[in-house]
């Protein structure tokens with residue numbers, strides 16, 4: 001029975017990585033550098049897209065929103081982790097943990113749909129270029145971005161409501177550096193059926209369709225590109241998708257490695273470096289990927 005042998009937790013302990021002082025210093029410097037690059041890269045990308053006429057197109061409108069989501073995702077996780085290393089405090093209040101779950105799940109799901117939207121944008125550009133101005137009109141682009149945020153909000157509201165009824169013992173330790181919803185559910189001493197149903201339902205109804213949109217879009221793109229006779233035409237078509245495909249591969253690769261590889265409930269967060277790739281490294285890489293691989297972005301930076 002929940003609460004019969006323990007007291008309701010008012011805070012959680014985030015295990016982090018290591019207790020060794022020398023290693024902690026190295027990790028702090030590494031994560032601080034990563035966060036600074038993330039902030040500068042994503043803010044720079046947002047500013048560049050706003051001021052450069054070269055980048056006033058649907059693809060870069062979506063990219064600007066992706067940069068904003070990456071900025072928020074990293075800020076939700078990394079500063080708290082850095083403060084914990086500096087201050088030696090591993091505790092996070094119950095309210096703080098629930099807030100982290102809510103915001104991280106919201107922006108995480110919004111990113112899934114933004115990536116799906118960008119894949120659909122590339123599909124229209126490559127497979128139906130004559131219809132592109134009509135299909136990807138400014139109004140439709142605005143609705144697609146707004147829908148991504150609303151679906152992310154819907155996901156986080158549902159999962160947080162499911163979490164609110166759970167009971168946790170005062171000694172609860174999260175074997176990770178942030179409050180991950182799947183680990184929190186496994187730590188609860190009360191009935192977790194509702195929370196697990198909500199988590200699986202949201203993953204099925206929201207996460208799976210976004211992945212399918214990406215897969216179907218790229219199957220159609222590859223089929224169309226293979227039908228192009230000239231090598232130069234194929235190169236140009238693939239070049240318009242290379243940056244997005246790299247971003248999708250990094251994001252979903254880390255996400256699937258973290259959540260879909262079978263583990264026992266108590267070791268779901270066992271591979272902390274997969275979580276680092278998903279929550280810390282990917283938001284840093286996205287603006288770098290587009291800056292290094294996209295000729296229009298390079299030209300905008302040069303100007």
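Here the Cβ of each residue, glycine as well, is placed from N, Cα and C on the backbone.
All TrEMBL annotations are machine predictions without curation.
As recorded in TrEMBL:
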TRANSMEM  28-48  transmembrane segment
DOMAIN    41-290  domain 'G-protein coupled receptors family 1 profile'
TRANSMEM  60-79  transmembrane segment
TRANSMEM  166-187  transmembrane segment
TRANSMEM  207-229  transmembrane segment
TRANSMEM  241-261  transmembrane segment
TRANSMEM  273-292  transmembrane segment
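Listed stretches 60-79, 166-187, 207-229, 241-261, 273-292 were compared with the transmembrane segment (28-48); the greatest number of C-beta pairs under 8 angstroms is found for 60-79. With a cut-off of 8 Å between Cβ atoms, the residues of this chain six or more beyond the transmembrane segment (60-79) that come close are 31, 34-35, 38-39, 41-43, 45-46, 49-50, 100, 103-104, 107-108, 110-111, 114-115, 117-118, 121, 141, 144-145, 148, 177-178, 247, 279-280, 282-284, 286-287, 290, 296.
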